[in-house]
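As given in Swiss-Prot:
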TRANSMEM  33-53  transmembrane segment
TRANSMEM  77-98  transmembrane segment
BINDING   H83, H182  heme b b562 binding site
BINDING   H97, H196  heme b b566 binding site
TRANSMEM  113-133  transmembrane segment
TRANSMEM  178-198  transmembrane segment
BINDING   H201  ubiquinone binding site
TRANSMEM  226-246  transmembrane segment
TRANSMEM  288-308  transmembrane segment
TRANSMEM  320-340  transmembrane segment
TRANSMEM  347-367  transmembrane segment
Amino acid sequence: MTNIRKTHPLLKIVNNAFIDLPAPSNISSWWNFGSLLGICLILQILTGLFLAMHYTADTTTAFSSVTHICRDVNYGWIIRYMHANGASMFFICLFMHVGRGLYYGSYTYTETWNIGVILLFATMATAFMGYVLPWGQMSFWGATVITNLLSAIPYIGTNLVEWIWGGFSVDKATLTRFFAFHFIFPFIIAALAMVHLLFLHETGSNNPTGISSDADKIPFHPYYTIKDILGALLLVLALMTLVLFSPDLLGDPDNYTPANPLNTPPHIKPEWYFLFAYAILRSIPNKLGGVLALVLSILILILMPLLHTSKQRSMMFRPISQCLFWILVADLLTLTWIGGQPVEHPYIIIGQLASIMYFLLILVLMPVASTIENNLLKW
């Protein structure tokens, strides 16, 4: 008799996705981040659910309710810090996952890639709204500054911002709606992740060589289930080390001061995972120009399949492109550093150069390098 996992309508789906799925035999640890992102999402939904049981989305009590969670709720402190630092781990995994896609040419699976970009946008929006909820100084001013960027949109800008705020400033209405959206978004992300997986399984996974692996497939279980478990253990180890030894390492001290609309912090900056985009935004002196550059810095990922001029899919055998890729990584690290610095002399010009370099690398240098490599193959 056929095994129930192959016949049962529900188990059949799980079986085809996680057990009998034919996978390439040579995918490296860079392919672990998909499953790690799934684990991060589940962890964030669970810790977030327990936080929501004790949190109040009201300007007068939000800050106090977070303090109450940390001081009075059983293990509230660990739930709160797992949720806050879980977001950091989530973004580390996201950046690695996207970087892997860029390096190995996984963006040629256009449907999977485009849904991935939408997932990235949705996750960034969710993280931003979550950062507003503790209602500290950086929460309030971060919300004010970032939502205000929409006022740069011609004609409808001001109306749009006031519509999002639910008033003439960031206030109770804003906090309440941000909490509502922050709660619902992870479930939308989970649904999109399933669609992401659905499209991936139409084609099967890419592999480091970028060459079809149809001739050499192995079952997902036990090979990649055990590999994913190892990845998960390392992720949890990293997360719990952060949570238990230095939970506030990646946070901003200003967020331990309750929100005060009358007092602006000296340096308004977002969480570390948005600093690269924030640096690009700040490097353009024009408001609308900055906002466009900010959006394009992420949206540019959608153009990747169109910018692919190489005859080879992966960068594994393309040394010039490899070199440019790692320069791009260094450039993003530079932008992240600049985003956290005050707007002063050396930092302004470094930020502007790094921003120009970012777009130049993706739009010009990498496609040109690919064309050069194509011609070198003829020799």
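A Cβ is built for glycine as well, from the same backbone N, Cα and C atoms used for every other residue.
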Per Cβ pairs under 8 Å, the stretch of 77-98, 113-133, 226-246, 288-308, 320-340 packing most closely against the transmembrane segment (178-198): 113-133
Recorded stretches the transmembrane segment (77-98) and the transmembrane segment (347-367) touching, at least 3 CB pairs under 8 Å: no
Conformational class of H83 (heme b b562 binding site) under the three-state DSSP mapping: helix
Close approaches to the transmembrane segment (347-367) from elsewhere in its chain (Cβ under 8 angstroms; 6 or more beyond its ends): 279-280, 282-284, 293, 296-297, 300, 303, 307-309, 321, 324-325, 327-328, 331-332, 334-335, 338-339, 341
Residue pair H182 (heme b b562 binding site), H196 (heme b b566 binding site) - Cα distance, angstrom, rounded: 21
Which of H83, H182, H196, H201, all binding-site residues, has a Cβ with the fewest other Cβ atoms inside 10 Å: H201
Beyond the flanks of the transmembrane segment (113-133) by 6 or more, those residues with Cβ under 8 Å of it: 48, 55, 57, 62, 66, 87, 90-91, 94, 97-98, 101, 106-107, 139-140, 142-143, 146, 174-175, 178-179, 181-182, 185-186, 188-189, 192-193, 195-196, 199, 270-271, 273-274, 298-299, 301-302, 304-305
Other CB atoms, at most 10 A from the CB of H97 (heme b b566 binding site): 20
From binding-site residues H97, H196, H201, the one whose Cα lies nearest H83 (heme b b562 binding site): H97
Residue pair H201 (ubiquinone binding site), H97 (heme b b566 binding site) - Cα distance, angstrom, rounded: 17
